[in-house]
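Taken straight from Swiss-Prot:
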type: SIGNAL; residues: 1-22; note: signal peptide
type: CARBOHYD; residues: Asn39; note: N-linked glycosylation site
type: REGION; residues: 56-95; note: region 'Disordered'
type: COMPBIAS; residues: 70-79; note: compositional bias 'Basic residues'
type: DISULFID; residues: Cys94-Cys109; note: disulfide bond
type: DOMAIN; residues: 94-133; note: domain 'Agouti'
type: DISULFID; residues: Cys101-Cys115; note: disulfide bond
type: DISULFID; residues: Cys108-Cys126; note: disulfide bond
type: DISULFID; residues: Cys112-Cys133; note: disulfide bond
type: DISULFID; residues: Cys117-Cys124; note: disulfide bond
Amino acid sequence: MDVSRLLLATLLVCLCFLTAYSHLAPEEKPRDERNLKNNSSMNLLDFPSVSIVALNKKSKKISRNEAEKKKRPSKRKAPMKNVARTRPPPPTPCVATRDSCKPPAPACCDPCAFCQCRFFRSACSCRVLNPTC
């Protein structure tokens, strides 16, 4: 009995370590020192060298002026025209917003509203979800 419990405990501990090791992120896994040295030396050689060029005051002013000229047209946008949408007239027998609208009832009066049912279609009401419709 004790041997089987010891075997089960050992198996459980091994499974815990196995699951913990398999869920480690790739960068957290232990690496070889040789792999680290090879990767770091290759990465440095892959990138081209960078040359630093000093700008004089005149070129700075020109580039600043060019940037301001580019910004000005982008800021001036044509204002959005609010086009009044003509809504269709509501149907003659209709249900007002927030009133009960069970399926045999007529449609909602507001064209942007729809009949929303809850609790297995026991409580239905006309609702407007998009006020800018």
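The backbone N, Cα and C atoms fix where each Cβ goes, and this holds for glycine too.
On the structure: features taken from Swiss-Prot.
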| residue | record | Cβ within 10 Å |
| --- | --- | --- |
| Cys94 | disulfide bond | 17 |
| Cys101 | disulfide bond | 23 |
| Cys108 | disulfide bond | 24 |
| Cys109 | disulfide bond | 16 |
| Cys112 | disulfide bond | 14 |
| Cys115 | disulfide bond | 18 |
| Cys117 | disulfide bond | 13 |
| Cys124 | disulfide bond | 18 |
| Cys126 | disulfide bond | 21 |
| Cys133 | disulfide bond | 11 |
Using Cα positions only, nearest of the disulfide-bonded residues to Cys94 (disulfide bond) (Cys108, Cys112, Cys115, Cys117, Cys133): Cys108
Cys101, Cys108, Cys126 filtered to the disulfide-bonded residues whose C-alpha is within 10 Å of Cys117 (disulfide bond): Cys101, Cys126
Closest of Cys101, Cys109, Cys112 to Cys124 (disulfide bond), Cα positions, disulfide-bonded residues only: Cys101
Distance [Cα-Cα, Å, rounded] between Cys109 (disulfide bond) and Cys115 (disulfide bond): 11
In sequence order, the disulfide-bonded residues (Cys108, Cys112, Cys126, Cys133) whose C-alpha falls within 10 A of Cys101 (disulfide bond): Cys108, Cys126
Rounded Cα separation (Å) that holds between Cys112 (disulfide bond) and Cys126 (disulfide bond): 10
Cα-nearest neighbour of Cys115 (disulfide bond) within the listed disulfide-bonded residues, Cys108, Cys126, Cys133: Cys126
Spatial separation of Cys133 (disulfide bond) from Cys126 (disulfide bond) - C-alpha basis, Å: 15
Pairwise CA distance, Cys133 (disulfide bond) versus Cys108 (disulfide bond), rounded so that it is a whole Å: 15
DSSP-assigned states of the domain 'Agouti' (94-133) in counts, ordered helix, strand, coil: 0 helix, 13 strand, 27 coil
